[in-house]
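Here's the structure we're looking at; comments come further down.
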C-alpha cells in the first residue's frame with residue numbers, strides 16, 4: 001500500500017501543528033487523534049476536534065483516512081474543545097442534586113421556611129406522594145446512567161456542567177419549595193385527579209425506561225454507528241411506529257403527570273420548558289435519521305405522533 005501523509009493545522013491561525021509521515025491509508029481518525037496526542041500530551045483525544053474544513057463538523061472516530069476526500073497528503077484542522085467531562089459523570093452530578101435538594105424542602109428544614117415544630121410535616125397525602133414520585137424519577141435516571149445508557153459521545157465540555165446543574169438543581173428547588181410549602185393546597189378534584197396522575201406517571205416512567213433499554217440494545221456490540229431503532233415485543237416500544245424519539249415523548253408525559261398530580265404552577269412551567277427543549281433535541285435527531293437513512297420510516301414524527 002501507499003502510505004499517506006497527514007498535516008494538522010490550527011483551525012483559526014492555519015499554522016501547522018504537526019506533520020505525520022507514513023500514516024497507513026486505513027488509519028482511523030481515532031488513531032490520528034492518538035498520534036496527535038503523543039506530540040501534544042495536553043490535548044487528550046476527547047479535547048480534539050479534527051475536521052476537514054476549519055469551520056466544518058468534527059470527523060467521527062471510526063472514519064477512515066482513505067475514505068475521506070483527501071489526496072496522498074491530507075490536510076486536517078484541529079480545534080481545542082477545552083477540558084472535558086465524561087457523560088456518565090455529567091448525569092450523575094445533574095441527577096443527584098435534585099434528589100437531595102427536594103428532601104431539604106420535603107422535611108421542611110427550619111432554615112427553609114423558618115417554621116416552628118408544628119409545621120414539620122404536611123397534612124396533605126399528595127405531598128408525600130409527590131416526594132416519592134420525584135425521588136423515583138431521579139433514582140431511575142441514576143440507575144439508567146450506571147447500568148443502561150451507552151453514550152455515542154464520550155464527553156462534554158466541562159464548562160457546560162455549571163449551566164446544566166443550575167437548570168436541574170434550580171428547578172428542583174423551585175418545585176419543591178411550592179409543593180412542600182405550609183400554604184400548599186391539594187389538587188381541585190382530589191383523589192380522582194391524583195390517582196389518574198399517578199397511573200399516567202408510572203406508565204410514562206415504564207415507557208421511558210423501555211425505550212432507553214431498546215436504544216442501549218442497539219449498541220450492545222460496542223459500535224457507535226447510528227442505527228434505526230425499531231419497536232420490539234415490549235408494547236411500550238411500539239411508540240417507535242409513530243415517533244423518532246419516544247423517550248422524550250414519555251419524559252414529557254412524566255412531567256405532565258406530575259403537574260396534574262401536584263396542580264402546581266412552577267411544575268407546569270418546568271414541564272413546558274422540558275417540552276420545548278426536548279422538541280429541539282427530537283427534531284435534531286429526527287433530521288439526522290432522515291439524512292443518514294434513505295429508507296427511514298416515513299410515518300414517524302420527531303416527538304408527537306402525527307403532529308410534531
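Quick reminder: no glycine exception, Cβ is built from N, Cα and C everywhere.
What TrEMBL says about this protein:
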| type | residues | note |
| --- | --- | --- |
| DOMAIN | 5-80 | domain 'TECR-like N-terminal' |
| TRANSMEM | 85-107 | transmembrane segment |
| DOMAIN | 155-308 | domain '3-oxo-5-alpha-steroid 4-dehydrogenase C-terminal' |
| TRANSMEM | 166-184 | transmembrane segment |
| TRANSMEM | 196-215 | transmembrane segment |
| TRANSMEM | 235-250 | transmembrane segment |
| TRANSMEM | 256-276 | transmembrane segment |
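Residues 120, 127, 131, 134-135, 138-139, 141-142, 145-146, 149, 151, 153-158, 160-161, 164-165, 168-169, 171-173, 175-177, 179-180 of the same chain lie 6+ residues outside the transmembrane segment (85-107) yet bring a C-beta within less than 8 angstroms of a C-beta in it.
Sequence-distant contacts of the transmembrane segment (166-184) (same chain, at least 6 residues past either end, Cβ-Cβ under 8 Å): 94-95, 97-98, 101-102, 104-106, 108, 112-113, 115, 119, 122, 124, 127, 130-131, 134, 262, 264-267, 270, 273. For the domain 'TECR-like N-terminal' (5-80), the mean pLDDT of the prediction comes to 90. In terms of DSSP secondary structure, the domain 'TECR-like N-terminal' (5-80) contains 17 helix, 28 strand, 31 coil.
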